[in-house]
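Peer 1: The structure's right below; bear with me while I get my questions together.
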Amino acid sequence: MTSEAFYKKSFQIQCDYPTSKIEKDKLMIFNSPEQWVGGFPWIVSLQYKFAGRKGAVPFLNVFIKAAKGDNTDWGCIASTQVRLQSQQPDVRDITWTIQKEYKHSVNSWGSQKFCEWSKLPSYVKDGKLNLDVCLVVLKETCKGGTLPPAAIEDLLKTKTTEIEELKEALQKATAKLEEKDREIHSLKTQLEKEKARFRNEKIRKRETEAANKVAQENLEN
């Protein structure tokens, strides 16, 4: 994964459009799967909210949450753009952009009035709302991030594979060294035999020369 890909991610989410009346003033209607960006897990949530005051209208709101669930000293600044896709040619997409600091004490930020609830039908396709999300974590602000579990698992698998490959290479190298040791031992054995044969030949030669000399002396006498 490149550095840019680690700190920036674009993805799409789909939310079922609620067709039944919502009785509550506030209700989370959707939580996206975790998306890992910059070493942190992120969740995009959609909320129905109605202020309840006279003349107020309900809205769809968007929340961006850094879902790192521990108490460690972590934090980052992230910029997010959310675009609700229009399904009508005469209706514009709705875009919302936010840049905030996320940390353990404040890990979620949201829009106040993303889209009036009554206008949502223009953004529904096949019973679903479609949103494009682009999330960028500022690299220099990251503190306490980590690799996503899947990446850690892949890394462990890669390291395990590398270790097994190194073991196999070591076994092959050891086998070659043992073969060379046997060849060297065989050559040393042959050399010792040649040395012994050479010494024996020299001894026999000296003995033959001595015997010939004695015989020659006897003839002369």
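The backbone N, Cα and C atoms fix where each Cβ goes, glycine too.
Unlike curated records, TrEMBL annotations are generated automatically.
The compositional bias 'Basic and acidic residues' annotation in TrEMBL covers 199-210. The feature domain 'MATH' is assigned by TrEMBL to 28-133. The annotation region 'Disordered' is assigned in TrEMBL to 199-221.
Structural setting of the listed features?
Peer 2: Same-chain residues lying 6+ beyond the ends of the compositional bias 'Basic and acidic residues' (199-210) with a Cβ under 8 Å from its Cβ atoms: none.
In the predicted structure, the domain 'MATH' (28-133) carries a mean pLDDT of 93.
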Peer 1: Going by DSSP, how much of the domain 'MATH' (28-133) is helix, how much is strand and how much is coil, in residues?
Peer 2: 7 helix, 58 strand, 41 coil
